[in-house]
Every structure is written in structure tokens, then in C-alpha cells.
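First the structure, in the form of C-alpha cells, and then the observations on it.
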Amino acid sequence: MTHVSRETQERLEEFADLVRQWNPRINLVARSTLADLWARHVEDSLQVSLIPAEDVSAWCDIGSGGGFPGVVVAIARPEISVTLIESDLRKATFLRHACRTLSLNARVLSDRIENVEPQAAPVVSARALAPLTDLLGLASRHGMATTRYLFPKGVRHEEEIRIARKDWSFHIDLIPSAIEKGSVILDLQRVQRVSAR
């Protein structure tokens, strides 16, 4: 497990309990992963939250769903103002409840990613949302020239990168996942569209 303070650990456990309570009604995470919620979702998101070591003032998580990684970022990095964008009203309601219950430095925008006013965030993240080329189209709207884009991806990440390079130019670092063998966190910077798609 990634080392965090006792207070952070307790808040992460409280968040995991909220996910378990709400999941039967809203399907925040796949039922097949609920038994392994901690490793599959909390730990996986926690490793994303700890990547930017430098001072970061704001973070935008798009397609936040059940709060992974967005809520975990807000718990692990309380100094960062986190914006969660989620179009599903039921999931947005859950996210607001979690943010209030845990007194997080976070806000929830309940709208489609492409309809939300651009956030100009230093960090933009998304998990299990879309293939990379589509994801960059959604995420780049909320970034700027210096933004870091953090996207956990599975074993097929190389194919996604190859396809994305047809439409996008970017610098990329592959950070091996500490949770799932063969998976990575894509750390992209200097993202620019190169096609008129």
C-alpha cells in the first residue's frame, strides 16, 4: 500500500464505505470489482494522485463517475482544489454527497465534459472513460499549454498511443502501475491536435 497519513487512510476508508453503500443503487463501480474495491479503485487512484510532486493549485477530473481518481485526489492532496465533471446526475449527486461528508476541497460540475466552461487546470485526469485519442479531445478543452494529463490505462495502452498519434502531438511518460501488471499511467504533456478531425 502507498504510504499515507493515518487521517488520509481513515478518509479513504470512509469514502470506500460510501461507495459500497451507494453502489447497489447507482453502479458506481462494476459489481465484479466491488470485493476488491481497495486495490482496484482506491489504490489505483491513489498512485495517480501522488504523481505531480510539484505545487499544483488545481486539478480537473473528467468523467468522474464513482470518484476515481477525483475524490481520492481530493482526499490525498487537500491543498489542491479539485473539480469533478460528471454528466450522470445520479453519480454527480453521489460525488456531491461524498465531498460534503468528507469536507473536501472539491466541487462537482454536473454536465457533459464538452459543455462545461474550460477549466484551464494544471492537471487533468480521467480513468476508464474513453480511448486515448477521444480522451485527449475531451481533456484538452480543460487544460492549457503546460497541463499534465494523467490517464491510467490497461495492457492495450501501446495501441491506444499509436492511434492517438495520428491526431495528436504530445510528450509522454509511461509510469508502470504498482497495482496491475502491464498497466500504466500515461503522463502526457505538451498536448496539441495535429489533425483537423
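A Cβ is built for glycine as well, from the same backbone N, Cα and C atoms used for every other residue.
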Site co-member for S-adenosyl-L-methionine according to TrEMBL, given Gly63, Phe68, Ile113, Glu114, out of Arg77, Arg100, Arg127: Arg127
Packing count at Phe68 (S-adenosyl-L-methionine binding site) (other Cβ atoms within 10 Å of its Cβ): 26
